[in-house]
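If you check Swiss-Prot, you get these features:
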type     : residues : note
CROSSLNK : Lys26    : SUMO2 cross-link
MOD_RES  : Ser10    : phosphoserine
MOD_RES  : Ser16    : phosphoserine
MOD_RES  : Lys26    : N6-acetyllysine
Amino acid sequence: MVAAKKTKKSLESINSRLQLVMKSGKYVLGYKQTLKMIRQGKAKLVILANNCPALRKSEIEYYAMLAKTGVHHYSGNNIELGTACGKYYRVCTLAIIDPGDSDIIRSMPEQTGEK
């Protein structure tokens, strides 16, 4: 019971931080652009939906590991991630280039353990 409440609270805080990034920061949505930003070394944090295809997920994790970029596994599916970003379409992957006023990058490292 307590764990469910904690995950809901952390999900809400992630969603509010994501909305702040969408308003004040720079980001790219989608697999191809995310991969491009990781390879260029511009991505500060990558967020993946939980129903992202395994091959895409492993490829992004591999490139992020090479570029020493943090990867956060979003607890919702791609529809919920798109809604959290304020979009009316599905978002499987997104890369945050500049967080703007949000402290999303500082708040993530405790949740994104490098494997």
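Just so it is clear, glycine is given a Cβ too, placed from its N, Cα and C backbone atoms.
Features per Swiss-Prot, on structure.
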residue	record	Cβ neighbours (10 Å)
Ser10	phosphoserine	13
Ser16	phosphoserine	12
Lys26	SUMO2 cross-link	14
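Mapped onto three states, the DSSP output places the residue listed as 'SUMO2 cross-link' in strand. Cα to Cα, Ser16 (phosphoserine) and Ser10 (phosphoserine) are separated by 10 Å.
When secondary structure is read from DSSP and collapsed to three states, Ser16 (phosphoserine) falls in the helix class. When the alpha carbons of Ser10 (phosphoserine) and the residue listed as 'SUMO2 cross-link' are compared, the span between them is 22 angstrom.
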